[in-house]
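Trainee: Sharing the feature lines straight out of TrEMBL:
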{"type": "REGION", "residues": "22-42", "note": "region 'Disordered'"}
{"type": "REGION", "residues": "388-415", "note": "region 'Disordered'"}
{"type": "TRANSMEM", "residues": "54-74", "note": "transmembrane segment"}
{"type": "TRANSMEM", "residues": "86-108", "note": "transmembrane segment"}
{"type": "TRANSMEM", "residues": "149-167", "note": "transmembrane segment"}
{"type": "TRANSMEM", "residues": "173-191", "note": "transmembrane segment"}
{"type": "TRANSMEM", "residues": "198-218", "note": "transmembrane segment"}
{"type": "TRANSMEM", "residues": "224-244", "note": "transmembrane segment"}
{"type": "TRANSMEM", "residues": "256-280", "note": "transmembrane segment"}
{"type": "TRANSMEM", "residues": "286-306", "note": "transmembrane segment"}
{"type": "TRANSMEM", "residues": "313-332", "note": "transmembrane segment"}
{"type": "TRANSMEM", "residues": "344-366", "note": "transmembrane segment"}
């Protein structure tokens with residue numbers, strides 16, 4: 001009996017296997033052999049299902065990447081078209097931010113369509129308001145948590161629109177990609193995130209691209225002002241994201257929708273006085289409401305809202321790195337539109353600066369364990385290559401011995 005006893009490993013280490021004890025030859029042995037093909041078949045089915053799920057997730061992610069990039073390119077280009085007849089960037093920012101109110105109603109509509117267990121709007125709002133704390137959203141929290149993010153949100157978009165009045169859409173979208181490097185630097189300093197040499201290199205590349213972009217026109221004129229505005233937009237965006245992570249942490253789709261709608265309400269209630277002040281002080285003056293380009297304004301607001309929804313939905317449905325790539329692809333997308341439609345000619349310095357910034361952005365997408373993963377992959381590849389080389393040597397030596405025996409050769413050992 002001792003001969004046939006076996007040690008059973010914990011279930012967690014064999015969760016995909018059938019646990020059987022070694023048995024002697026006979027009926028029990030035949031039963032165990034009968035179970036092996038079934039277990040192998042179930043394992044193959046589960047593996048095929050996981051592969052199919054991963055493939056669908058990647059395919060969905062590629063579609064989301066396309067939509068994210070297209071919506072951001074469309075937003076930037078429609079803004080520049082709007083400036084031809086209505087050059088009031090703060091009013092455009094305020095009007096577009098108000099559309100964030102629609103985020104939660106759209107999310108709740110999707111909840112009613114896709115979920116069997118329905119919740120009333122009040123129940124869903126209470127559930128999603130936990131992002132502000134266990135007590136939900138109160139007036140004190142509204143002013144304490146929402147006000148700073150609303151101000152940063154408005155500044156980010158306002159500075160971005162101001163930069164579009166000075167630079168091409170390609171330059172502004174490329175400079176805005178520097179926000180990824182600023183997020184890393186702020187997270188490293190404020191949140192004490194892990195230090196990574198490759199991300200420091202990426203941040204240096206982003207700064208180098210900014211300097212080259214400013215140098216393209218000789219550090220004077222509208223170019224340097226536009227670069228400063230675009231970098232300011234990227235900086236406030238990075239501060240927004242770091243503060244969100246510090247005070248609110250991570251959020252699911254429902255909480256994100258609730259937060260965006262809250263930003264929209266705060267903007268409508270408390271920020272509406274700013275466009276009026278700019279109007280009466282003649283800083284941003286427009287005629288009657290009937291003369292405003294409502295088509296362009298609604299187009300900008302709709303595309304901006306679609307971009308924010310796609311980013312948050314994409315983070316749930318697919319891999320976050322694909323969403324970042326979608327934002328990066330807006331640079332070549334805007335470049336294609338600028339060249340084909342606006343006939344913009346890019347200088348060598350601007351192209352080099354754009355490429356450096358985009359390369360730094362890609363380096364920032366590397367995971368934290370990228371170095372150890374790369375070393376393990378190289379070690380595995382080297383071991384596999386060594387095993388293949390050893391098998392080739394064994395096969396060749398066996399073939400040589402068989403040929404020597406066939407020719408009547410005799411191997412005589414040396415004394």
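Glycine too: its Cβ is placed from the backbone N, Cα and C atoms.
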Trainee: Go through the chain and flag residues at least 6 beyond the ends of the transmembrane segment (224-244) whose CB is under 8 A from any CB in it; none is fine as an answer.
Mentor: 148-149, 152-153, 155-157, 159-160, 162-163, 165-167, 171-172, 175-180, 182-183, 185-187, 190-191, 210, 213-214, 217
Trainee: For the transmembrane segment (344-366), I need the partner stretch with the highest count of C-beta pairs below 8 angstroms, choosing only from 54-74, 198-218, 286-306.
Mentor: 198-218
Trainee: Rank 54-74, 149-167, 313-332 by Cβ pairs under 8 Å to the transmembrane segment (86-108) and hand me the top one.
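Mentor: By the under-8 Å Cβ criterion, the transmembrane segment (86-108) pairs most with 149-167.
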Trainee: Given a Cβ distance threshold of under 8 angstroms, which distant residues of the chain, six or more beyond its ends, lie next to the transmembrane segment (54-74)?
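Mentor: Counting only partners 6 or more residues beyond its ends, the transmembrane segment (54-74) has Cβ contacts under 8 Å with 169, 173, 299, 303, 306-307, 310-311, 313-314, 317-319, 322-323, 325-327, 329-330, 333-334, 337.
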Trainee: Could you give the residue numbers and ranges of same-chain residues that sit at least 6 residues beyond the transmembrane segment (286-306) on either side and whose C-beta is under 8 angstroms from one of its C-beta atoms?
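Mentor: Non-local partners: 67, 71, 74-75, 78-79, 81-82, 85-86, 88, 91-92, 95-96, 98-100, 102-103, 157, 279.
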Trainee: If we skip the immediate neighbours and take only residues 6+ beyond the ends of the transmembrane segment (313-332), which ones have a Cβ under 8 Å from one of its Cβ atoms?
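Mentor: For the transmembrane segment (313-332), the list is 57-58, 60-62, 64-69, 72-73, 76, 170, 173-174, 177, 180, 252-253, 354, 358, 361-362, 365.
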